[in-house]
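Heads up: the structure comes next, in structure tokens.
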């Protein structure tokens, strides 16, 4: 039973069902909001939502999940990951202002800023090195749930994830195993969370003969070798991707990333962080470049994962030049998102294919797939998760430019961005440094870094020289935070000082002691 009451300007929810699954590719739920704890009252944080928008939400007494949570033994089983579209029923049609207010409701004071880290990894069978099949993944998820008290997330009869507190484990389209971490205050907490997760996963996986590889692109196997996960939204995406780009299926099935989600205090603060994040995203791509192999051979790139996004779907990816316009605002991002083609709507427990249609059409009741129906805020949040620029705005900002890597680099990525964006002096230094970069220069870096890394020419030098300044800004920002977090940057400090990316080290091994075989990478980058 969902009840939403208003106390001042904060909306609070109470639910008798269990927690929802969150994840980078989940259609609902993010790191910082809408975590409905089991029989607990939690503030959703719509403090910035206008009273006009708030009045449009009329609550009905319906369950938030597509099925009923139940206990089997000592493990709680929750229904499919997305909440039903009926959890909130709009008394009046949504307006664009409602969508803008929704993004603005993410604003929070600095003392409430948190760090949300996500990382993906490839599971494989010891011996054959083949990707995990879904049946093995199901056994792994069940084992982690039973041994470490995680709640199971189901879609129909399939287990598709786990939930524990504000952490979740989810499956990407090709079975990539993702931890979506809780929003945490310090990088020490982030690294402790990573270590705990890896311990739990390995404890169960090793008994099954399964290992996990930290790399940005599947190094050995082709698309035909990758298992397909039984999640409804992925079927829609799989059919749509070849229509809009040549590499979308590779993105879905053969890439892994690590990213960090960070807060902002106001629209002005969001704009400054968005611009800094976009300008420096190619540097993050270079520092974490870790995907030089395709189907057993060098692919000519240092970050195949990053290159793939250049021909996945130009309508929903890229460097978003309009973010640097003087007029940029929450509203302008909403205008952009309204015209990004949809993937789906979620109705009556099923994903409805709405590919090629826009949310703007949805606002006018003009979707042929669900004729006459109007969207809810749930639909809007679903849609925002299907947009994939280098930095993504939801009710926080997602830094999306880094390849997946081994555990020692999983804490370095959030450290890099926290030092730059959560310290006012460092953030201003970045903005001053990048203020005269042109749109063409930013795009050039985005295009060339996947191949050349820190050796990418930039103005009178190399990107390495810019990265040296940026790393110092980050380190200084972490020092001013006062949590003794600078040690987490050691993994990237070596990359900056030498100019040699992780991918180039792998290539040296491939051409040297590995004897031109990629198989040893499964041991080199084993978690």
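Glycine residues also receive a Cβ, built from the backbone N, Cα and C atoms like all the rest.
Just so you know, the Cβ of residue 191 (disulfide bond) picks up 22 other Cβ atoms within 10 Å once every protein chain is counted. Annotation source TrEMBL lists disulfide bond at 191-411 (among others).
For 354-369 (among others), the entry in TrEMBL reads disulfide bond. Here the Cβ of residue 369 (disulfide bond) has 16 other Cβ atoms within 10 Å, regardless of which shown protein chain they belong to.
Taking only the Cα positions, the spacing between residue 191 (disulfide bond) and residue 354 (disulfide bond) is 39 angstrom. Residues within less than 8 Å, Cβ to Cβ, of residue 411 (disulfide bond) and separated from it by at least 6 positions along the same chain comprise 117, 187, 190, 191, 194, 488, 491.
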